[in-house]
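Input: a single structure, listed below in structure tokens.
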Amino acid sequence: MVVHITTDNDIGVRITLRRMLLLTLVTYIVYIAYNQRDILHINRLAVLALSFVAYLAWESIGIQYSNFTLLNDWFQYTPGNAPIVLLLIILVITLLVYLTTTQRYITPNKWIALLMLVNLIGLILFPMVNDLIPLYVIIELQSYSLYLLTGVYNKSYNATRAAILYFVTGGIASVLILLSSAEVYEATGLTNLSEISTYYSISGINTWTSFDILLIALVFKMGLAPLHAWSISVYSYAPLYITAYISIVAKVSIMSFIYLNIHLFSTQLLILAFYLSVAVAAYTPLYQVNIKSILAYSGILNFGYLLTAVLTNDNAYYIYIIQYSLTHVTIFLCILAITEYTNKPASYWSPIVNVNQLVVPNKALCIALIVCLFSLIGIPPLPGFYGKYYIIVGLMSNGLNLEALTIIVFSVIATYYYAYIIKQLASNLYNNNTNVIATPINSTLGFIISILMVILITFYMYLPTLLDGLTLLHS
């Protein structure tokens, strides 16, 4: 269904956004073909191009339009898409900036930025999908680029192992998506999601089982409980920098699709996934010492919280996913910065594996990481507190008091493994470490971490403006 649009400028900006992203990809491929040695310049080109794409995405956020469809109703752009598109572009830019600096342990690779650009196309298109055919094509676009990205350092045995495991488990989820799509088409003869929703509403036929299969496949893709075991292994085996990327971007894109199309899915399955995710992710890391495993379970826990915001279709979803995504990226950038001080790395691709390796003489960097962990715990006035607060308020206003109490209880339990990491970091503030290399942090990386910390610490100051903007977008 095509709805009227108030201005032609909005359409022009959005079409330009997509053309610019495709032009960036083509330009980047040509540049790589003729310049394969200076990888830092290649990565800087990607950052500059995506910065302009981010500017176009910002300009496309308007409050004076309703939704419209593109490419024969295959994609639907709504006000709810705009913040997610901008967030995904910012996440990719932030992680790409790290590749513009010289690192001690991670070897520069010319294919990483290219795979990220391809993946970004799938990431920003998936929440806009309005048809079963592009749904499968787009999710495979982002999935295959993630498989390749995971195994891009093919000299690492663990990286290759992670890529194969990711490919096999992702293939199982893809089969479930195809099965769901085939059953829906057999029952209705339709592939357009808007038309399918209207058909079910008018006919009164209760055949949502096919979409339940689709939901299970998407939960599988995100690595939420009870289909989470593969994700812990993949994130643990993958190189540290790759883990920082693959553990957040796909989840944001897929969860946003579920949030924007919640009317298609069973709330009972979402509630079940919520309870299992928070229970598993709050309890299991209490016995973990692997820093990537702990952060992987932390991701399951936080996206479990997000499932409740999806259930209530509340604007708290945007507040929580924005603050968690920025906190997640900041934590990994801090850990990557700490690797520059590591004298005895666990491996070349993942210098830091266990919590006791978080030894750093840079007290400012140590404090930044502690602040991020406090935010995950939910200490006010950090953004993690406001994210949980608005989710709990939304649950209670919808009569879901048990779910609100569950979030509070498991947040308290999860505090213990965050405190375990904080204890290790706090010891750096008082002890003189001799098993580290006293080298200054890269100025570019330090600047990015500083900017992110300012955004997180001052989150409460611009939160009212953010809430007003989200309210206007959905009014």
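Using N, Cα and C of the backbone, Cβ positions are placed for all residues, glycine too.
Summarising the annotation, Swiss-Prot assigns transmembrane segment to 45-65 (among others) and lists sequence analysis as the type of evidence.
The annotation transmembrane segment is assigned in Swiss-Prot to 82-102 (among others). Long-range neighbours of the transmembrane segment (82-102) within the same chain, counting only residues 6 or more positions beyond its ends whose Cβ lies under 8 Å from a Cβ of the stretch, are 39-40, 43-44, 46-47, 50-51, 53-54, 57-58, 60-61, 108, 112-113, 116, 119-120, 123-124, 127, 241, 244-245, 248-249, 252-253, 256, 318, 321-322, 325, 329, 332-333, 336, 442, 444-445, 448, 452, 470, 473.
Annotated transmembrane segment per Swiss-Prot: 112-132 (among others), in sequence order.
Listed by sequence, the residues of this chain that lie at least six past the ends of the transmembrane segment (133-153) yet keep a Cβ under 8 A from its Cβ atoms are 71, 74-75, 107, 109, 111-112, 115-116, 118-119, 121-123, 125-126, 159-160, 162-164, 166-167, 170, 174, 177-178, 181, 191, 193, 221, 234, 238-239, 242, 245-246, 250, 253-254, 349. Positions annotated as transmembrane segment by Swiss-Prot, on the basis of sequence analysis: 133-153 (among others).
The transmembrane segment annotation in Swiss-Prot covers 162-182 (among others) and is backed by sequence analysis.
The feature transmembrane segment is assigned by Swiss-Prot to 240-260 (among others), with sequence analysis given as support. Here the transmembrane segment (240-260) has Cβ contacts under 8 Å with residues 78, 80-81, 84, 87-88, 91-92, 95, 98-99, 106, 116, 119, 122-124, 126-127, 129, 139, 142-143, 146, 149-150, 152-153, 159, 166, 215, 218, 221-223, 231, 234, 270, 292, 295-296, 299, 303, 306, 309-310, 313, 317, 321, 325, 328-329, 332-333, 335-336, 339, 349-352 of the same chain, all six or more residues outside its ends.
Sequence-distant contacts of the transmembrane segment (262-282) (same chain, six or more residues past either end, CB-CB distance under 8 Å): 193, 196-197, 208, 211-212, 214-216, 219, 224-226, 228, 297-301, 303-305, 307-308, 310-311, 313, 403, 406-407, 410-411, 413-414. The transmembrane segment annotation in Swiss-Prot covers 262-282 (among others).
The transmembrane segment annotation in Swiss-Prot covers 291-311 (among others). Within the chain carrying the transmembrane segment (291-311), a Cβ under 8 angstroms from the stretch's Cβ atoms is held by residues 222-225, 228, 231-232, 235-236, 240, 243, 247-248, 251, 255, 258-259, 262, 267, 270-271, 273-274, 277-278, 280-282, 284-285, 317, 320-321, 324, 328, 331-332, 335, 350, 352-355, 357-358, 376, 387-388, 391, 394-395, 400, 403, 407, 410, 414, 417-418, 421, all 6 or more beyond its ends.
Summarising the annotation, Swiss-Prot assigns transmembrane segment to 318-338 (among others). Outside the transmembrane segment (318-338), and at least 6 residues removed from its termini, the chain residues within Cβ reach (under 8 Å) are 83-84, 87, 91, 94-95, 98, 103, 240-241, 243-244, 247-248, 252, 255-256, 291, 295, 299, 302, 305-306, 309, 352, 358-360, 362, 365, 368-369, 372-373, 375-376, 383-384, 386-388, 390-391, 441-442, 445-446, 448-449, 452-453, 455-456, 459, 463, 466-467, 470.
For 365-385 (among others), the entry in Swiss-Prot reads transmembrane segment, with the evidence type sequence analysis.
Same-chain residues lying 6 or more positions outside the transmembrane segment (402-422) and placing a CB less than 8 Å from one of its CB atoms are 271, 274-275, 278-279, 281-283, 285-286, 288, 291, 294, 297-298, 301, 305, 308, 311, 355, 358, 370, 373-374, 376-378, 388, 391-392, 395-396. According to Swiss-Prot, the transmembrane segment annotation covers 402-422 (among others), on the basis of sequence analysis.
Sequence-distant contacts of the transmembrane segment (447-467), counting only residues of its own chain at least 6 positions beyond either end whose CB sits under 8 Å from a CB of the stretch, comprise 94, 97-98, 315, 318-319, 322-323, 326-327, 329-330, 333-334, 337, 365, 368, 371-372, 375, 381-383, 386. The transmembrane segment annotation in Swiss-Prot covers 447-467 (among others).
Same-chain neighbours of the transmembrane segment (162-182): 132-133, 135-136, 139-140, 143, 146-148, 150-151, 191, 210-211, 213-214, 216-218, 220-221, 230, 233-238, 246, counting only residues six or more beyond its ends whose CB sits under 8 Å from a CB of the stretch.
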